[in-house]
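> One structure is given below, represented as structure tokens, and several questions about it will come after.
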Amino acid sequence: MIDLTGKTSLITGASGGIGGAIARLLHKLGSHVIISGSNEEKLQSLGKVVKDNYTIEVCNLADKEECRNLISKASKLDILVCNAGITSDTLAIRMKDEDFDKVIDINLKANFILNREAIKKMIQNRYGRIINISSIVGISGNPGQANYCASKAGLIGMTKSLSYEVATRGITVNTVAPGFIKSDMTDKLNEKQREAIVQKIPLGTYGMPEDVAHAVAFLASDQASYITGQTIHVNGGMLMV
């Protein structure tokens, strides 16, 4: 049984489906959760669900100073889950420089800053668990998402580099790469679109946010102390690497 009692976890993008599921599970396993996102109303709603042992931190990841402050405000930090991300999809020949830049800035650069600042804090205690949420398309690519795919592939490379740098300090750094997970976005697909995607998934169904949360919880636990620099794929077999 995973026990995170006494641990403090920071989850970005906690106002979304996957982030919320991660926050709820880590809280259930005993961790104090710092739930962060840009939508305060949704964070307050999540707070009502977990009820206690939580802190809300509204943060705009496009503001690098806010990224740094998000970490510095945590008096204690054992687990960092970088889940927040954005998309701005279009074919590369139509993609504006600013559309590429804003996705890289939030999905990759902001997460680098969060990782870096968290490591500074974790080194003091010689303990830490960092889990960066990538995506299946960071490995496979996807048409119309050159910016998003680049950012998610970058997270995987960054994670590997950081894991080397901090391995002797009791800190592990890993990535979880979800496939097609049920969300507001997938709910908007029509039946034909859903069937086309499901046909590509050997397990024959979408994943649930909780599937991703369980992978994160394992990597955040002491049971995963010998795992670092790895990418855990949660995609129903859609991509086997």
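Note that the numbers count up from 1, one per residue, in the order the chain is shown.
Quick reminder: no glycine exception, Cβ is built from N, Cα and C everywhere.
The feature NADP(+) binding site is assigned by Swiss-Prot to GLY13, ALA14, SER15, GLY16, SER38, GLU57, VAL58, ASN83, TYR148, CYS149, ALA150, SER151, LYS152, ILE181. Marked as substrate binding site by Swiss-Prot on the basis of similarity to another entry: SER135. The active site, proton acceptor annotation in Swiss-Prot covers TYR148.
Buried or exposed, and what's around them? Tell me for each listed feature.
Under DSSP, GLY13 (NADP(+) binding site) is assigned to coil, being neither helix nor strand in the three-state scheme. Its Cβ taken as reference, GLY13 (NADP(+) binding site) is surrounded by 26 other Cβ atoms within 10 Å in the chains shown.
All protein chains shown were included, and the count of other CB atoms within 10 Å of the CB of SER135 (substrate binding site) stands at 26.
When secondary structure is read from DSSP and collapsed to three states, TYR148 (NADP(+) binding site) falls in the helix class. Within the same chain, the residues at least 6 positions away from TYR148 (NADP(+) binding site) whose Cβ sits under 8 Å from its Cβ are GLY85, THR87, SER88, ASP89, VAL103, ASN107, SER135, VAL137, ASN142, listed in sequence order.
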> Give me the count of other Cβ atoms within 10 A of the Cβ belonging to ALA150 (NADP(+) binding site).
18
> Among GLY13, ALA14, SER15, GLY16, SER38, GLU57, VAL58, ASN83, TYR148, CYS149, ALA150, SER151, LYS152, ILE181, the annotated NADP(+) contacts, find the widest CA pair distance and round it to a whole Å.
28
> Would you find the one among the binding-site residues SER15, SER38 whose Cβ has the most company, meaning other Cβ atoms within 10 Å?
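Its Cβ has the most other Cβ atoms within 10 Å: SER15.
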